[in-house]
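S.K.: Okay, handing you the structure first.
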């Protein structure tokens, strides 16, 4: 008795196949210009956040929460850059494709994609975010923190 040959494309439901095809189809839209701009942005600072709005005026609750978490962790403003994806539709779609992450905000530390608001919140609760930011030397030096508190 012969077993039928396994065909991975046929074994998935039509909906999953359509989603997979759409994901690959969408990848064609990331131009080299946008890819280069994103790479340059990620390299601009040790901590980089792609968000809706600005740190002073976030335009969504998730961006506001992420900015709050980074502030509570003590991220040094001199080692932080934020990019407002609402100013550029190509950047907004491009960063999602670049990271293969569907939502904004998106956090990068030392050029490595960390995650969105849910991941950052979880990492903050567990202490992983503080450790990561400390390793990246992205926190305000303790002497400056003591001066601020006075």
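We number each residue from 1, going along the chain as drawn.
Using N, Cα and C of the backbone, Cβ positions are placed for all residues, glycine too.
Not my notes, these are from Swiss-Prot:
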BINDING   52, 92, 93, 94, 95, 96, 104, 117, 118  glutathione binding site
BINDING   60  [2Fe-2S] cluster binding site
DOMAIN    35-140  domain 'Glutaredoxin'
TRANSIT   1-29  transit peptide
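Walk me through the surroundings of each of these features.
M.R.: When secondary structure is read from DSSP and collapsed to three states, residue 118 (glutathione binding site) falls in the helix class. All chains included, 12 other C-beta atoms sit within 10 angstroms of the C-beta of residue 118 (glutathione binding site).
When secondary structure is read from DSSP and collapsed to three states, residue 60 ([2Fe-2S] cluster binding site) falls in the coil class.
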S.K.: How far is it from residue 60 ([2Fe-2S] cluster binding site) to residue 52 (glutathione binding site), counting Cα to Cα, in Å?
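M.R.: Between the alpha carbons of residue 60 ([2Fe-2S] cluster binding site) and residue 52 (glutathione binding site) there are 6 Å.
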S.K.: Tally every other Cβ atom lying within 10 Å of the Cβ atom of residue 60 ([2Fe-2S] cluster binding site).
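M.R.: Around residue 60 ([2Fe-2S] cluster binding site), other Cβ atoms within 10 Å: 16.
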S.K.: Any idea what DSSP makes of residue 52 (glutathione binding site), helix, strand or coil?
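M.R.: The three-state answer is coil.
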S.K.: Between 0 and 100, where does the mean pLDDT of the domain 'Glutaredoxin' (35-140) sit?
M.R.: 96
